[in-house]
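Just below is one structure, and these are the notes that go with it.
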Amino acid sequence: MKFSSLAAATALVAGSVVAADLDPIVIKVGVRSALIPGWPKGGSKFFYKSNGTEFFMKGIAYQQEFSTNGTSSDKNNYQDPLADVESCRRDIPLMQQLQTNTIRVYAIDPKKDHKQCMKLLQDAGIYVVADLSEPSTSIIRDDPKWDDVLYTRYTSVVDELAQYSNVIGFFAGNEVSNNSTNTDASAFVKAAVRDMKAYIKQKNYRSMGVGYATNDDAEIRKDMTAYFNCNKQEESIDFWGYNIYSWCGDSSYTESGYDKVVEEFKTFNVPVFFAEYGCNEVQPRKFTEVQALYGDKMTPVVSGGIVYMYFQEENDYGLVKIEGGKPKKLPDFNSLQKQISKIKPSGVQMDSYKPTNTALSTCPKSSTWKASVKLPPTPNKDLCSCMVKSLSCVAKPSVTGKELGKLFGTVCGSDKDACKGITADATSGTYGAYSMCSPSEKLSFAFNQYYQHQSAKGNGANACDFGGAATAQKSEKPSGSCANLVDQAGQDGTGSVTSAPGSGGNKPDQGAASTISAPSVNLGIVKLGAYIFCAVLAGAGMILI
């Protein structure tokens, strides 16, 4: 729904190829500690790595507004705040006036150069928490998927930001499931959490957390929290961001429900912080919640928060208005500055911290929670490429957009068995091995399955056409690592592929990604099941049966 930020600290004298490194922030995380190299054992707090002082986020969401909350968007013209050096030079001094030690950015372009802005942030003692998605490449709540395109986007952001010591971690999703009608989408986000954690470990990057930012929906809040922190450590979040706007004007600890937040998370085993906060129903905002957030009742449980947001936009949440390239402080800025200057959060030292909350949560089983504990498979480009090369009938490269959706409806409506290997059902936890491939690759698999089934009946002569959308190709018999991958997937694509991406058919190391099932099928328009249903009603039997 909105944006947020993370934490800051003291700079080390030690140099780096990019800039003088800030003291990394580490997480004391109980059951996770044994599996995350470099992270101390036990607990649910952020600490400065060198001196062990507890770290509380005093953050600001820093990005021009766009939607990253699980809704569809074709926009790709977002502004990367970490690549705009002049804006960084202009804005960071104002952030320092608010004692900012963390910013949250919602979308960066991994192809751009971020060295100068990250250097300016490091020099100012400011850390970064970055969302992995961008407006046109994110997990959509009403048509979720976890595929090659998303995997490539997410890993490219990790690759780009891993070089900076002032990056605390990443959000794999922001308010994707936001009510009881779309909880199944959380399975795809949790698969992204699992795979990014495994990727960071596989690349031998320094310790960086992968978390999720949730909205404050009373109906699904508890189930959501439990789901992202249950079953297996390697697929559970490393920190939990809470977008909360319940404290408006001169509210109170109890009236706002902050007391319930503390009660709910007092035994949680990973750090919790407000990923967005700052109700604007009363203006100018008074930010009196700052005293509660950093006071003695909340700091034992909540590790600070991120104010939404720096820039003044149409939504009227801004601290600063940019006019003619120059910043103008708004009344909200002055209110926040006044409140933040009063706080002195008291924490604990890492060495003396004795956590008792180390267990994972129990997975939700309520009637309103539809996401299975069985997650979509890890995207595997090698598997998809090997599969397409092995086919005799494939989709033409010219088939795109809405035509893809219609063709899925046609082939799956005519032969449901042809689509078993590409469908994904996050409620039942059933995923085809190729459900994480690109739409074109999935359509090629379905076309070929239909063609093979018709050929077995003696009807193959015209079965690879689909109105000119399909074409025959000379198939390649899989060999070597390709043979291993395709064999694991099975002839109909319903097998379980246990090879990690790029591993050439080898199983992942212990503690890396969990058994690969297969991410969801997103056709980009409507879910595949709906296409099948509509195609059957429309009489897709015009094709040979």
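Glycine is no exception: its Cβ is also placed from the backbone N, Cα and C atoms.
Taken from Swiss-Prot, the feature signal peptide applies to 1-19, supported by sequence analysis. Residues annotated as N-linked glycosylation site in Swiss-Prot, with sequence analysis given as evidence: Asn51, Asn69, Asn179. Marked as disulfide bond by Swiss-Prot on the basis of similarity to another entry: Cys88-Cys117, Cys230-Cys363, Cys248-Cys279, Cys384-Cys437, Cys393-Cys464, Cys412-Cys419. What Swiss-Prot records for Tyr106, Ser133, Glu134, Pro135, Ser136, Thr137, Ser138, Ile139, Ile140, Arg141, Asn174, Tyr308 is (1,3-beta-D-glucosyl)n 1 binding site. Residues or ranges marked as active site, proton donor by Swiss-Prot: Glu175. Positions annotated as (1,3-beta-D-glucosyl)n 2 binding site by Swiss-Prot, on the basis of similarity to another entry: Glu175, Asp216, Arg221. Residues or ranges marked as active site, nucleophile in Swiss-Prot (evidence: similarity to another entry): Glu276. Residues or ranges marked as region 'Disordered' in Swiss-Prot: 493-513. The annotation GPI-anchor amidated alanine is assigned in Swiss-Prot to Ala512.
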Cβ-based neighbourhood (8 Å from the centroid) of the (1,3-beta-D-glucosyl)n 2 site, residues Glu175, Asp216, Arg221 excluded: Asn178, Thr214, Asn215, Asp217, Ile220, Met224, Tyr242, Asn243, Ile244
Local backbone state of Cys88 (disulfide bond), from DSSP in three classes: helix
Rounded Cα-Cα span from Glu134 ((1,3-beta-D-glucosyl)n 1 binding site) to Cys88 (disulfide bond), Å: 20
Integer Å distance between the CA atoms belonging to Glu134 ((1,3-beta-D-glucosyl)n 1 binding site) and Asn179 (N-linked glycosylation site): 22
Secondary structure at the residue listed as 'active site, nucleophile', reduced by DSSP to three states: strand
Integer Å distance between the CA atoms belonging to Glu175 (active site, proton donor) and Arg221 ((1,3-beta-D-glucosyl)n 2 binding site): 11
Cβ neighbour count within 10 Å of Cys363 (disulfide bond): 15
Site with most surrounding Cβ atoms, counting all protein chains shown within 10 Å, from the binding-site residues Ser136, Asn174: Asn174
Distance in Å spanning the most remote Cα pair of Tyr106, Ser133, Glu134, Pro135, Ser136, Thr137, Ser138, Ile139, Ile140, Arg141, Asn174, Tyr308, given for (1,3-beta-D-glucosyl)n 1: 23
Spatially closest candidate among Glu134, Asp216, Cys248, Cys393, the listed recorded positions, to Cys230 (disulfide bond) (Cα to Cα): Asp216
Pairwise CA distance, Cys384 (disulfide bond) versus Asn174 ((1,3-beta-D-glucosyl)n 1 binding site), rounded so that it is a whole Å: 28
Shortest C-alpha distance to Asn51 (N-linked glycosylation site) - which of the disulfide-bonded residues Cys117, Cys363, Cys393: Cys117
Nearest recorded site to Cys464 (disulfide bond) by CA-CA distance, among recorded positions Tyr106, Ile140, Glu175, Cys279: Ile140
Local Cβ density at Cys419 (disulfide bond) - other Cβ atoms counted within 10 Å: 29
Those recorded positions listed as Glu134, Glu175, Asp216, Glu276, and which of them has the most Cβ atoms within 10 Å of its own Cβ: Glu276
Farthest-apart CA atoms of Glu175, Asp216, Arg221, residues recorded for (1,3-beta-D-glucosyl)n 2, distance in Å: 11
